[in-house]
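What Swiss-Prot says about this one:
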BINDING   Gly37, Gly38, His39, Asp56, Asp102, Gln109  S-adenosyl-L-methionine binding site
Amino acid sequence: MRIEDIPHIPVLLNETIGLYNDMPENGYFIDCTLGFGGHSEAILEKYPNIKLIGIDQDAEAMHFAKNRLARFGDRVQFINKRASSALEELPEDLPVSGILADIGVSSYQLDNKERGFTFESEELDMRMDKTQDFSAKDVVNFYSKEDLERIIKNYGECRRFKKVVSAIISKRPIKSNRELADILGHIGLRDKKDLAKIFQAIRIEVNNELNELEKILKNAKKLAKNGTILGIITFHSLEDRIVKNTFKEWSKKCICPPEAIRCECGGNNQLGKILTKKPLVASKEEIKMNPRSRSAKLRGFQFIRG
């Protein structure tokens, strides 16, 4: 893909930029999932005193982002690795103004058959990080019946998980996404939404996505300073539930167990405030332009340090 062909409008752009209106304007903005750099570009344009740390495990996407953000010079630094690892390595005294994580597969990754995410791909791959050895081929062909049932049921939220797993195991070895889609079609899963949930489950397992999200939240909390705003964009209910529940816990003053007769924790455990009572979602206009934005949800939290 040429740099000119990169999609220039990232998901929930206006909503995301608006979320950071009250962040400190002279520190670092950490984009945990840089992708093609669309959100970061908008932040750098709006806040001339902000410096950016752009993180992404996808070297291909980062190559494009470097070109896109080259005009900002030394205001930008890039880290090509998993966000959880990169955040752990940043100094805790770093003046962090904002943190963003867009927890989703880009349209480029989904549409590029060579990346092995699409139903039509000739490879069972689904790796965000191409240097990683473990791929969808390992999950589909070598996981036990019990482990496959676990991920299809929990990550794919599929009621027919036993039938799906039986069909997969009976046709091993499976070599391509297209072959997998055909196998699922023969048991009645022909609808794209149904197929997408099965592929989603495998992709989550390959990239350890839910554990990665939890680590991002944990490390973001460590780095946050007074006024730091954290924004998380999710694309399915499993991720959104993790973010929603984490922000809810962080906003609690009292963390005593429900059975406690009186507060014994001091009642001063609140880390900040939730900025989005309900998640921000795409407008009708954005959904028309980008149907995949329909499932995107943005939640925000601002840390308050005494």
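Cβ coordinates come from backbone N, Cα and C, glycine included.
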Inside 10 Å of the Cβ of His39 (S-adenosyl-L-methionine binding site), count up the other Cβ atoms and send me the figure.
25
DSSP secondary structure for His39 (S-adenosyl-L-methionine binding site), reduced to helix/strand/coil, please.
helix
Across all protein chains shown, the one of the binding-site residues Gly37, Gly38 with the most other Cβ atoms within 10 Å of its Cβ is Gly37
Select one residue from Asp56, Asp102: among these binding-site residues, choose the one with the most other Cβ atoms within 10 Å of its Cβ.
Asp56
Where Asp102 (S-adenosyl-L-methionine binding site) falls in three-state DSSP terms
strand
